[in-house]
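> Sharing the feature lines straight out of Swiss-Prot:
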- 104-131: region 'Disordered' (REGION)
- 122-131: compositional bias 'Basic and acidic residues' (COMPBIAS)
- 180-503: domain 'NACHT' (DOMAIN)
- GLY186, PRO187, PRO188, GLY189, VAL190, GLY191, LYS192, SER193: ATP binding site (BINDING)
- 937-958: repeat 'LRR 4' (REPEAT)
- 965-985: repeat 'LRR 5' (REPEAT)
- 1021-1041: repeat 'LRR 7' (REPEAT)
Amino acid sequence: MREAKIAPLSNYGLQWCFEQLGKEEFQTFKALLKEHASESAACSFPLVQVDRADAESLASLLHEHCRASLAWKTSTDIFEKMSLSALSEMARDEMKKYLLAEISEDSAPTKTDQGPSMKEVPGPREDPQDSRDYRIHVMTTFSTRLDTPQRFEEFASECPDAHALSGAFNPDPSGGFRPLTVVLHGPPGVGKSSLARRLLLFWAQGDLYKGLFSYVFLLRARDLQGSRETSFAELISKEWPDAPVPVEKVLSQPERLLIVVDGLEELELTFRDQDSSLLADWAERQPAPVLAHSLLKKVLLPECALLLTVQDAGLQRLQALLRSPRYLWVGGLSVENRMQLLLGGGKHCRRKTCAWHAGADHQEVLDKCQVPVVCALVREALELQGEPGKGLPVPGHTLTGLYATFVFQRLAPKDAGWRALSGEERGALKGLCRLAADGVWNAKFVFDGDDLGVHGLQGPELSALQQASILLPDGHCGRGHAFSHLSLQEFFAALFYVLRGVEGDGEGYPLFPQSTKSLTELRHIDLNVQLVQMKRFLFGLVSKEVMRALETLLGCPVRPVAKQQLLHWICLVGQHPAAAASPDLLEAFYCLFEAQDDEFVRLALNGFQEVWLQLNRPMDLTVSSFCLRRCQHLRKVRLDVRGTPKDEFAEAWSGAPQGLKIKTLDEHWEDLCSVLSTHPNLRQLDLSGSVLSKEAMKTLCVKLRQPACKIQNLIFKGARVTPGLRHLWMTLIINRNITRLDLTGCRLREEDVQTACEALRHPQCALESLRLDRCGLTPASCREISQVLATSGSLKSLSLTGNKVADQGVKSLCDALKVTPCTLQKLILGSCGLTAATCQDLASALIENQGLTHLSLSGDELGSKGMSLLCRAVKLSSCGLQKLALNACSLDVAGCGFLAFALMGNRHLTHLSLSMNPLEDPGMNLLCEVMMEPSCPLRDLDLVNCRLTASCCKSLSNVITRSPRLRSLDLAANALGDEGIAALCEGLKQKNTLTRLGLEACGLTSEGCKALSAALTCSRHLASLNLMRNDLGPRGMTTLCSAFMHPTSNLQTIGLWKEQYPARVRRLLEQVQRLKPHVVISDAWYTEEEEDGPCWRI
């Protein structure tokens, strides 16, 4: 058992989120953050530091003054206020991860008035005779059911979890606080319940909590369900039915009492937060759930100690009920003990070694061997697989194959010779599988006589299953029966679906409802954590090897009915490329890895072209390698490789029998790199946000140099790869297929820049696009880069956004642009600290270099003076600029005048972005006069947040009507109102070329929807419309939906947040999409871009 550690990458992850914000967005974030800090006492910090902070220092500031989870929650709330849905979704996922980590690490909670201080801790005292009688009762109950060493010290030496458990109720040395609630949490089947029961036995033996507790009682959460009324005294009495003393005496000293509640994931914890419904009297009769919640919330017997067991999946719901708990994570057997139990000596050691060596990779098997019973199962399966040819074919070497080996051998008739199951025996097997499936779906793991009888498991059938060590009497007072381990129940539940392929067996729980058409619907089904492992077993069972063994056991063919449903699930997972790393995709890969069926896996992954995976464990690398190799049409891969833990299995493998070998973490990574570098169709590899060591980067780069590597685009945005970058530069020289490289957010030292530029100047380097945004570059770095521009025959695009290179650095770049061999076409210098003085050098470069077609200066304080200088070049008919981005450049009316004058002479400028400049209506009118000229070349114009009003809309309407080329106009965040929109609509009704119109947050209401609706039915070309953040209301939306559905409407992309409208309106929008399936209605309008997307505006 170990206490979880807060992930050290929280600060860096938050910094990465901030770096995704534009300059204006970042300032808005900081303003909202200061508002939040002034209202919240939980996260306060010096507000004056916020204004000066960049992304890195702001992330550090938040973590310095707030817990990691609170820093993420604060940021998530602000991202949602800013309508940044993608960032808020990612931040919410990160918040949950760090919240769970804090809970796990919090083994010493803050002192409250719940428990006594160190001075108040009850000291050792002699137990009375009645307590000793109870200890005898506990030892009689549990010692015959637990295979436990005689003394606690012996057990603790084999089970590391026991060490932390022995001191779970000790006071905190730093603050003196003694917890009265301890939570044991971990994955299912790891041995939490067994550990809790052993605790009772060791206490009874006097080895544990000596003198601290007079009584320790074990309650099962499933016994606290239902509406039946009882009292806490009655519950205790049932645990000691022949008590020689009244229960009142037992409960009279609650500070000497420990209550163990096992399996809290089975208890319904969505309890209304009304303390008035709870009770403090242990003699009062109430429904059992009320008693449970009263106990957990310390209303009932507040002085008693609680030890709770819960699966990780149920931990988040539980924490709201508890008062200052201590959380301890149960990890099961140590790796060394697992190895000893699995591969220890004995007469069959050679068989196990042979069977293990035949397997492809057994890390997942080792990971599941967390308790002795599973180790024994796997060990027996390895021995059986070591002597093939005895009746049943070997069902493979995966976890499913090993379980199938064990189960099929135990179920096979023990008659002389070998035969298949008889009809009666097949019926008993089906009944057992139905019982298991019923339990998995209903979270039921102990079955009474009625449950067994319903499924025909009585008498000889039940006796046979007990003899086979499959279904055993429950270890707690012998009530009911349970599978020998939870994983065995999950295996039989999966087998239930496979046996549907046997004629006449089609009833039971549907694996996936037939109406399921989306992954979102499926996620609601997969809430039960047991379904995850059941699903993996099911994929393993439909593999050819296991099916062959099963058909031999049954003596009849099994139709592959489950296979089609599994394919349907995989197809849903791959339906749409995710906006973030989806756990569903990685889980699908684990399932397919379990199948180990090449034909089936290739068919399942046939439609996958883009994947995004978060890889945290060595096994994640293995399953990803296996599946990515079989994604035949894969073109884009994003991998988040973060915090991969130390490979404990590989380290412990030195004690394995000679001749066996397990792959190290480095070897797993090398395999994955080999798959990526040799995939025939993969063109883009994105490792954004990953943390790669120098050795990991070296391995990757060596593989990327292979002749078979077809990757063209490498992305390391926000990745921690700087120590290994020197290996990347040589790769750029050797692999001429790599033409695009993005190192945004990677801190580059001067020596890194020098080495990179040497490679870029090499004649063999074919790099065409290089992004070095926010890399900490200096003017000296620009001098190195300028030499590349002057000599490279391939580099066409360079982005240096967010580097404070200043005027001096840009001067070096401009000098290089004037050199004849320079091939650069796209230059992005956003937020580089440029001033008006720089514009003279830029203008000079534009005059001499007609090959530069894209220029972005967004976020630089150019002002009117800078525009005056820049436009001297832009106005020339020889100027080759086609796309110019000047967002947030402090342009006003005067700047518009210079720009309008330049547009009169320029014949090539087709894209112009002026967002976040205070142009106001007079400046807009100046531009409109030029844009109405037939010779004006502008096609795309962005005017987001330019302080425009309805006064300029008449001019804009005339532009829409008269401009022969204008196709895109974005007016978001301008206060146009219904009047202004109505004026624009007059232009839309006329013959025009506009295909894209942005009206987000323009003050449109339901009153203006009638005019817009009429325009939509007339416009022949308008295909994309953004209406986000407008108060349209149900009435306005009803009017617009009529226009959306109109046959003459050509709309294909509509920006709307459907969830903000009532059900009636959402049904209308669904009707639109049913009538016109090609129409996309989404709040991600800016991602639904044409051609080269919004990148030119950066």
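Every residue, even glycine, has its Cβ placed from backbone N, Cα and C.
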> Beyond the listed site residues GLY186, PRO187, PRO188, GLY189, VAL190, GLY191, LYS192, SER193, identify every same-chain residue whose Cβ lies within 8 Å of the center of their Cβ atoms for the ATP site.
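Apart from the listed residues, the neighbours are GLN311, VAL330, GLY332, GLN370, VAL371, LEU486.
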> What are the sequence-distant neighbours of GLY186 (ATP binding site), meaning same chain, six or more residues apart, C-beta distance under 8 angstroms?
LYS192, GLN311, ASP312, TRP329, VAL330, GLY331, GLY332
> Short question: which residues 6 or more past the ends of the repeat 'LRR 5' (965-985) have a Cβ under 8 Å from it?
910, 915, 931, 936-954, 956-957, 959, 992-1005, 1007-1008, 1011-1012, 1014-1015, 1021, 1026
> Looking at Cβ-Cβ distances, which residues of the chain lie under 8 angstroms from GLY189 (ATP binding site) while being 6 or more apart from it?
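Non-local contacts for GLY189 (ATP binding site): LYS368, GLN370, VAL371, VAL374, HIS485, LEU486, SER487.
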> Report, as numbers and ranges, every residue of the chain located at least six residues beyond the repeat 'LRR 7' (1021-1041) whose Cβ falls under 8 Å of a Cβ in that stretch; write 'none' if there are none.
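Residues 83, 967, 970, 972, 988, 992-1010, 1012-1013, 1050-1057, 1061-1062, 1064-1065, 1068-1069, 1071-1072, 1083, 1085-1086, 1088, 1090 contact the repeat 'LRR 7' (1021-1041) from elsewhere in the chain.
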> Please name the residue among the binding-site residues PRO187, PRO188, GLY191 whose C-beta has the most neighbouring C-beta atoms within 10 angstroms.
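When each Cβ's neighbours within 10 Å are tallied, GLY191 tops the list.
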> By DSSP, what is the split of the repeat 'LRR 4' (937-958) into helix, strand and coil residues?
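Across the repeat 'LRR 4' (937-958), DSSP assigns the residues as follows: 9 helix, 4 strand, 9 coil.
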> Would you mind pulling the DSSP three-state label for GLY191 (ATP binding site)?
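Going by the DSSP assignment, GLY191 (ATP binding site) belongs to neither helix nor strand, so it counts as coil.
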> Can you tell me the mean pLDDT for the repeat 'LRR 5' (965-985)?
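Mean pLDDT across the repeat 'LRR 5' (965-985) comes out at 96.
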> Mind checking how the repeat 'LRR 5' (965-985) divides into helix, strand and coil residues in DSSP?
9 helix, 4 strand, 8 coil
> Taking 10 A as the limit, how many CB atoms besides its own sit near the CB of LYS192 (ATP binding site)?
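The Cβ of LYS192 (ATP binding site) has 28 Cβ neighbours within 10 Å.
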> What is the number of other Cβ atoms found within 10 Å of the Cβ of SER193 (ATP binding site)?
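By my count, 21.
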> Could you tally the C-beta atoms, other than its own, that fall within 10 angstroms of the C-beta of VAL190 (ATP binding site)?
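For VAL190 (ATP binding site), the count of other Cβ atoms within 10 Å is 24.
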